[in-house]
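Just below is one structure, and these are the notes that go with it.
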Amino acid sequence: MTTQTMTAVSGNDGDTGGDAAESPPGGPLLALDGITVTFPGVRALDAVSLSVRAGEVHGLMGENGAGKSTLLKVLSGVNQPQAGTLTLNGTEQRFASTRAALEAGIAIIYQELHLVPELTVAENLMLGQLPSRLGVVDERTLAARALDALERLGEHIDPGIPVKYLSIGQRQMIEIGKALMRDARVIAFDEPTSSLSARETTQLFRIIRALRAEGRAIIYVTHRMEEVYELCDRVTVFRDGRRIDTFDSVTDLDRDRLIGCMVGRSIEDVYGYRPRAAGDVLIEAKGLAGPGLSEPVSFTARRGEIVGFFGLVGAGRSELMKLLYGAARPSAGHVELNGKRVAFGSPRDAVRAGLALCPEDRKQEGIVAIASVADNLNISARRHFSPARVLLDGRRERELAQRYIERLAIKTRDGDTPIGALSGGNQQKVVLARWLAERIDVFLMDEPTRGIDVGARAEIYNLFYELAEAGRTVILVSSDLAEVIGVSDRIIVMKEGRIAGEVAKAHATPDALIKLALPR
């Protein structure tokens, strides 16, 4: 591709590239009309129509199974529709392969990145179009083109190192670079921030805005509403394989209306708050100090309560959860369970005492992705079945797994399915089931619905209410204001490693929580 094409990517949002893609006169750059895709017994897309303009970021939202992924596969040539048309820049297209879609100018940045770990950055950037002389790769030209692309993306990466040594955020930039090297006019992002840090997310948004300024059409698939409001110009909602609505402006779009479109019910039904009477104090932290806390922390949580913890990034909430769980050692203070002082040398001690953590990073810390649903569910309970730890009781493990698959309505073929094949919401249910099998009293839930669609969230909230109604305690750490207000009985706000205040449900508003959470 030309240097001119990529100029705007590393510049200011207002720059425009010389080769910017343009919509045909009077029409969108990309148009889908009546697209239908069916699989045996399933209509994945039902007469879907959608248009995307040059120079816009068009958000796609919907629950898992709504049809978003199938739509991306149609765009990329993986799935061929049984009906409908796809028009690109005024010309009807039908892609028989991903190569055909790429050559036409459509690139997909999938959640699971399609890079070759053992190849270098430069080789991945130019995959399929390596420069050569007399049948031999021209290494000098390859390095020069790769370095030029990286500089324009604002990435200071050695083009000669293998991709396996890069962070997730850096790898994602390489995927974007691949699309630009092919001069893609339509670029679709599939849940791109699910594994990114806050800094990497900011960098990604800068790149996407620059791509929009060049006149490219951006499709942005996400579960995160705050990203839609921050980044997208328009948003289309899918449900059950159908396009429900397209909102031509997100500036004044009511959040409750957007959720209602996605799930087919009101926001009150999503959170479904169920008030209940609280019992005796079940867990109490007294002057707890340790890594990530700037001041000693004290709080109580009662049986039957859902206590929310809200705060900005770096407030110390996750660090506090690790101290409670025995994953970090306190430097002062202690924890009491049922009025008795406890000291956990490890998470195993905490679990045996009746306290468990569902960690923020579910994929890295909460599950074993290559193991089955049953194995993940039985990781902790296994000690009850095999006290000698010599022989595993496969029958009891299968029975337990099936019981909780049915009880929590975990959507999986069976217990032998790899947990990595499940949606985020169903993975989280497996983690919860693991602790339900252990007869846990205190559930520490650290960002439990991150990356999970709205429908699955409602199911998880109902589980929280059931736990509280059974006399257990749920401590909910969440950065989602609507969630922490909608689900919690009361909310503790942290900032800069300390507790900044507590807000009763009756007085919990976004303004009240943000005011407490903001640094001085």
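The backbone N, Cα and C atoms fix where each Cβ goes, and this holds for glycine too.
According to Swiss-Prot, the feature compositional bias 'Polar residues' maps to 1-10. According to Swiss-Prot, the feature region 'Disordered' maps to 1-27. Look at Swiss-Prot and you will find 30-265 tagged as domain 'ABC transporter 1', backed by sequence analysis. Per Swiss-Prot, ATP binding site is recorded for G62, E63, N64, G65, A66, G67, K68, S69, and the stated evidence type is sequence analysis. Per Swiss-Prot, domain 'ABC transporter 2' is recorded for 265-516.
Location within the structure of each feature annotated in Swiss-Prot.
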residue: G62; record: ATP binding site; contacts (Cβ under 8 Å, 6+ apart): K68, V237, F238, R239, I244, M262, D453
residue: E63; record: ATP binding site; contacts (Cβ under 8 Å, 6+ apart): R239, M262, V263, D453, V454, G455, A456
residue: G65; record: ATP binding site; contacts (Cβ under 8 Å, 6+ apart): D240
residue: A66; record: ATP binding site; contacts (Cβ under 8 Å, 6+ apart): F238, R239, D240, G241, M262, D453
residue: G67; record: ATP binding site; contacts (Cβ under 8 Å, 6+ apart): A44, L45, D46, V48, F238, D240, G241, R242
residue: S69; record: ATP binding site; contacts (Cβ under 8 Å, 6+ apart): D190, V221
Using a 10 Å cut-off, grab the number of neighbouring Cβ atoms around the Cβ of K68 (ATP binding site), all chains included. 26
Can you see whether DSSP assigns K68 (ATP binding site) to helix, strand or coil? helix
